[in-house]
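What TrEMBL annotates here:
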TRANSMEM  A:40-62  transmembrane segment
DOMAIN    A:78-172  domain 'FtsX extracellular'
TRANSMEM  A:193-212  transmembrane segment
DOMAIN    A:195-313  domain 'ABC3 transporter permease C-terminal'
TRANSMEM  A:244-264  transmembrane segment
TRANSMEM  A:285-310  transmembrane segment
Amino acid sequence: MATITTRHTARSLKQRLYAWLTCHVNAASDSVQQLWVTPFATALTIAAIAIALALPTALHVFTINLKELGGHWEGAAAISLFLLPHIDEQQADKLANELRQRTDVAHVEIISRQAGLAEFRSYSGLGAALDQLTENPLPVVLALYPTSYISDLTELEQLSASVAQLPGIDFVRLDTEWIQRLQAVIKLLQQGLWLLSAALAIGVLLVIGNTIRLEVENRRNEIEVMDLVGATASFIRRPFLYSGAWYGLFGGSGAWVLVNFMAWQLQTPVDRIARLYHSHFQLLGLDWIATCILMIGAIALGIAGSWLVVAQRLNQLQPSR
Amino acid sequence: MIQFDRVTKRYPERGEALREVSFTLANGDMAFLTGHSGAGKSTLLRLIGLFERPTRGQVLINGVNINTLPINKIPLYRRYVGMVFQDHRLLPERSVFDNVALPLIAAGLTRREIEKRVRAALDQVGLLQLECAAPITLSCGEQQRVGIARAVVARPPIILADEPTGNLDPELSREIFALFERFHGVGVTLLIATHNLDIIHTLPYRTLRLQQGVLADD
Ligand SMILES: Nc1ncnc2c1ncn2[C@@H]1O[C@H](COP(=O)(O)OP(=O)(O)OP(=O)(O)O)[C@@H](O)[C@H]1O
Ligand SMILES: [Mg+2]
């Protein structure tokens, strides 16, 4: 039987390479043309894939922006240093100047006893009761704003612990609750992102699989005849795999455009809000790693979807018993 | 060498299409396969082409039971055997040239080689001027000849033909048989199912006659 199966493979390496290349180029261009046969249906399929892929991608962009926001302490995450009662404003000023020398401190604000009382009065609603006090019971407070390169909670906690050691300080309060909440939300979103991505990946697989199934049905006769004349399974499969890859590529590109368009639309309002908070926060677009994952993932899903469908069809071509 | 060893083919719905068929066709031999309609001629050829598998018995090609071929070797085996189908099995929307080129494309030949061989095959069946036509625009006899060109284009060592002259006039039929004889002349093994008794009686080749799935005459 060796004579049967080796006859056509006895060709030079160059010829085989050439044949292999032609085969792929043909399959790739053939499958693009196939997309053009039904432009409307193709556009609908690609739009469905793009939207399905855009959802997790947009959620990813939202999450990285939240993370970035959590990293922007300036104007937000203050460490309040409550000084000992006997420290007066002059001493407090000296201490503040010392703190300003530190590289991890952006700036320090002194809240005098009077200012503290006024503030307390305005939001506590205890105005009349406070008037009864003969002496201001509040200490001087230093509001310390860390530099923005301090990007996570532990670093912030380290800073607060180290300033707590300084003389004249009664206690330190780190206002981290909102950061912790934000980080919990980010964690939740990241987990949700995985679930959503998995669900929508299956969705994309099904959309592409179904589209390729229709194509396989339409070209049923062609597949059968190719099988009759001795085409290998991979030869028959190839144009369909390319079709799937094209759907993935175009769908992924569509998702990329959609998400970047959304980010671009939101840029102006976000800038306005950021300015209100004196923040340098800038909306992040789609990073290139995510872009790579999106495109490679989309193409892989396309190939996998059509593989499943075509393999099923090819199995039916086995000689019957 | 094509060898049938007590081959039985049973279709679940129809019962036995072939019963205990045994014969041997040596390499380079040419033989005809005759029998009434429904006798099992197409079934026998499909078993050799490995489009179906026998229910019992063995089909041996060059001494190897083709039923034991691994699935990934079947395409290579199909290239080894050229088959003319009774129902042509052409792609109606592709040109005649493309249809004939299919086995060569599947085998991965270069464009230049494909063109050369396809033109030669079309020339042999007298269809060179129709290479750009679509098969649906052709007459039944012309389609049949496209099917013959496709079966021979890859120059397979075994050619099976299922009523290749069923729709041809006597003169064209004679030409096709002459074409098959030329292949016989260069050592190809041929098995041709046909109803064209008046022509094959004038030719000096072996005739296998099937009757109700049994080999009645050799
Ligand atoms: N795929 C099939 N499923 C079920 N029965 C089949 C199948 N193919 C053939 N048969 C049956 O097997 C028998 C032999 O059929 P076959 O096609 O081999 O006859 P044939 O000799 O080629 O006839 P014809 O000269 O009309 O082409 C017939 O009774 C037919 O009904
Ligand atoms: Mg028949």
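Placed from the backbone N, Cα and C atoms, the Cβ positions cover glycine too.
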Exercise. The transmembrane segment (A:40-62): which same-chain residues, six or more beyond its ends, come within Cβ distance under 8 Å?
Worked result: 189, 192-193, 196-197, 200, 203-204, 207-208, 211, 247-248, 250-259, 262-263, 284-286, 290, 294, 297-298
Exercise. Mean pLDDT over the domain 'ABC3 transporter permease C-terminal' (A:195-313): what is the value?
Worked result: 91
Seminar exercise, completed: Per DSSP, the domain 'ABC3 transporter permease C-terminal' (A:195-313) contains 103 helix, 0 strand, 16 coil
For this session: Tally the residues of the domain 'FtsX extracellular' (A:78-172) by DSSP class, grouping H, G and I as helix, E and B as strand, and everything else as coil.
Result: 42 helix, 22 strand, 31 coil
